[in-house]
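Working notes, beginning with the structure itself.
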Amino acid sequence: MASASVSALNSNSLENSSSKNVSRESLRMEPLTNIPYLPGEEKVTDKEIIYMCPFNGAVKGKVTITNYRLYFKSFEVDPSIILDVPLGVLSRIEKMGGASSRGENSYGLEITCKDMRSLRFALKQEGHSRRDIFDSLFKFAFPQSHNMPFFAFLSQEKFLENGWNVYSPINEYKRQGLPNEKWRITFVNEKYELCDTYPTILVVPFKASDEDLRRVAVFRSRGRIPILSWIHPENQAVIMRCSQPLVGMSGKRNKDDEKYLDVIREANGQTAKLIIYDARPNVNAVANKATGGGYEGEDAYQNAELIFLDIHNIHVMRESLKKLKDIVYPNVEESHWLSSLESTHWLEHIKLVLSGAIQVADKVSSGNSVVVHCSDGWDRTAQLTSLSMLMLDSYFRTIYGFEVLVQKEWISFGHKFSSRIGHGDKNHTDADRSPIFLQFIDCVWQMTKQFPTAFEFNEHFLITIVDHLYSCRFGTFLFNCESVRDSQEVKLKTPSLWSLINSNIEKYTNPFYTKDSSRVLYPVASMRHLDLWVNYYIRWNPRIRQQPQNLVEQRYMELLALRDQYLKKLEELQLSDSPRISNNSANSPVSPNQIVHQIQTQF
């Protein structure tokens with residue numbers, strides 16, 4: 001495996017344009033030449049600065065701040081060192097040192113990023129030299145804290161495909177064979193009155209009236225009642241998602257909620273007992289009773305079986321990722337690598353999420369309907385439903401299908417992207433922040449590694465999604481729920497990430513993909529079969545031996561290109577030969593060998 005070059009420090013994986021070695025003088029004359037401006041992007045300020053590169057030491061160059069990115073290019077280094085960081089990636093900006101600080105390069109800025117990096121810049125200690133850079137970064141990196149719009153609302157980008165057309169709830173439910181005699185589509189939440197964090201179009205049991213749903217909503221946290229996510233095409237078992245029941249310390253009961261879960265069970269004749277998967281550890285679910293929450297007790301829900309999956313909460317996941325960042329950036333201690341990685345518990349959490357999803361998929365595959373929830377039903381619940389659907393339904397393993405899955409289970413059903421990522425918010429210590437969606441994408445990557453021919457998309461597709469989870473270049477992941485997106489007119493005023501991807505789909509396609517519509521995937525969720533996603537978490541470190549593109553995949557792509565080249569040549573030869581062949585055809589018969597020229601392919 002080849003080590004990544006220093007020039008790979010470019011932080012925007014989508015715009016990795018090659019940079020030529022440029023002298024200091026030419027940079028002064030043409031400061032904007034190599035900055036890949038987007039339509040709607042404008043320069044705010046620039047300044048000569050020193051980048052304290054953790055791998056190369058102090059590097060002089062120029063930093064340019066726009067309303068979308070921080071762009072640094074070195075002066076006298078060959079190859080040039082480039083930093084191209086969307087401002088949405090910035091989590092924290094701090095001043096380093098003061099006017100009286102001593103020591104070389106002790107005065108400047110320190111920036112913490114959401115994509116595993118930290119950046120340090122030094123300036124000369126004269127006349128508040130960092131003030132304009134700090135103020136510009138702080139203002140445009142945290143627009144929501146300054147009553148400013150996200151860059152996505154300023155973008156003028158145009159694409160061949162409109163990504164907002166990817167997901168239609170009615171079309172997706174129709175693909176699943178819904179509605180039918182057991183399940184109906186309801187518009188009871190059309191004005192977000194039943195639940196302000198649910199979408200407007202919901203699928204519920206045919207026997208449950210809208211009034212029943214309203215009564216159930218009173219007993220479920222945030223009004224997030226059990227709603228159908230997926231139905232098995234053959235055995236008609238379903239995956240339902242919801243939030244915890246509001247049992248409380250006194251052990252409250254709600255006959256409407258109990259009856260509703262029984263109606264769900266009866267909708268599939270094969271389900272003797274409805275399986276309820278509570279994503280939380282048992283002790284956490286019990287503790288939630290103190291704040292009015294809880295779980296489905298055996299006495300109240302006699303036709304249900306409750307299983308706890310022991311997946312920890314958002315705070316545990318946040319601390320785990322912090323520990324992971326500490327061991328991967330800027331330095332990796334290879335001599336203690338395995339013990340350091342184990343101490344983060346990151347792969348342990350990945351294992352528990354995957355293991356839970358496998359249990360859900362297996363139960364549904366065997367004909368049992370299931371209900372999945374955590375506390376509020378928008379974090380661990382989304383992980384479990386979407387991963388189990390990915391295992392059960394090959395459609396979601398296509399590029400378009402995966403986009404639908406993300407739009408449906410995460411965006412539409414109210415995963416709190418704004419709170420979990422902290423889009424445009426300066427409050428980096430917010431306890432609501434947590435890498436729940438990143439964890440889901442990591443689980444998907446683990447599956448693609450175990451089943452390399454089962455997914456239409458490649459690793460670059462997954463990395464692109466995570467990069468733009470933070471960038472604020474697209475409206476796709478902005479805000480917490482559909483009701484807020486509707487009020488902000490996100491679909492009308494911002495571009496979709498799927499527009500970018502679907503306009504250049506070959507870039508994100510796995511050449512080894514083999515369509516198999518009936519196959520259920522059960523990944524091995526043991527620590528021996530899980531790996532750290534090096535190409536994402538450690539991609540910024542040029543000293544670590546990066547995992548290159550699969551050599552077989554690379555060779556296969558080369559052969560496909562060669563094949564296309566020869567087919568084109570063959571077509572040209574046939575066209576050039578056709579007049580001669582037609583002239584001779586009246587005189588003598590022509591064998592196929594005379595028409596088709598044999599072309600030898602060199603391997």
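Note that the numbers count up from 1, one per residue, in the order the chain is shown.
Heads up, the Cβ atoms here are built off N, Cα and C, so glycines get one too.
TrEMBL entries are annotated by machine, without manual review.
Per TrEMBL, the range carrying the annotation region 'Disordered' out of 1-27, 109-135, 244-270 is 1-27. For the binding-site residues N313, W378, the greatest number of Cβ atoms within 10 Å around a candidate Cβ is found at W378. Per-residue pLDDT, averaged over the domain 'Tyrosine specific protein phosphatases' (344-390), rounds to 98. Cβ-based neighbour count (10 Å, all protein chains) for D376 (substrate binding site) stands at 19. Among the record's substrate binders, N313, I314, C374, S375, D376, G377, W378, D379, R380, no two C-alpha atoms are more than 12 Å apart, and one pair sits at exactly that spread.
Just so you know, the Cβ of R380 (substrate binding site) picks up 29 other Cβ atoms within 10 Å once every protein chain is counted.
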